[in-house]
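Participant: Questions regarding the structure given below will be posed in turn.
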């Protein structure tokens, strides 16, 4: 296993409708005095010189947290698969860390563990928690872009199903692992 990890791009998905947040843009919702995106940014900024945020609104608010912003090719918030495709298209490195904007407890150890697993297996790596895949915590080789584009063209809209068309390494995490907490509803902001 290599000691040094290769350069990676970071893709933060912030392009959703925020339905469980009453339509509010989740990445910009305050938690502990800062927008959720600021918490994620603080962890990932030292890990990459290529930080991309997929957002479909509020670009001016996200700009300070990214090197580049991308939007979905289709209107009406088509889902995380569209955001991943858009992000992979502009990523500068061969490995891309994919994270949600509403996961402020993610840490460097988890990200580096996923990256190491992906590089060692020369394939995508995704968190598995309690037997379930968690595609919002993954590392993808940029070369999976055509597979995801083909899945999209065939009508697939599930990021997880599209990713599982290829070999994926699973990083097992406990069900109680707080690093995987998604703050995707108002009651979660009280945690």
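Note that Cβ sites are derived from N, Cα and C of the backbone, with glycine treated the same way.
Swiss-Prot feature annotations, pasted as is:
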- 13, 14, 15, 26, 72, 102: GTP binding site (BINDING)
- 102: Mg(2+) binding site (BINDING)
Participant: In the structure shown, which of the binding-site residues 72, 102 has the fewest other Cβ atoms within 10 Å?
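Facilitator: Checked 72, 102; of these binding-site residues, fewest Cβ neighbours within 10 Å: 72.
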Participant: List the same-chain residues at least 6 positions away in sequence whose Cβ sits under 8 Å from the Cβ of residue 14 (GTP binding site), in sequence order, or say none.
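Facilitator: Correct list: 25, 26, 27, 37, 53, 54, 55, 62, 100, 101.
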Participant: If you count CB neighbours within 10 Å, which one among the binding-site residues 13, 26 has the smallest count?
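Facilitator: Per-residue Cβ counts within 10 Å for the binding-site residues 13, 26 bottom out at 26.
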Participant: Under a three-state reading of DSSP, tell me whether residue 13 (GTP binding site) is helix, strand or coil.
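Facilitator: For residue 13 (GTP binding site) - judged by DSSP and reduced to three states - the answer is strand.
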Participant: According to DSSP, which of helix, strand or coil covers residue 26 (GTP binding site)?
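Facilitator: For residue 26 (GTP binding site) - judged by DSSP and reduced to three states - the answer is helix.
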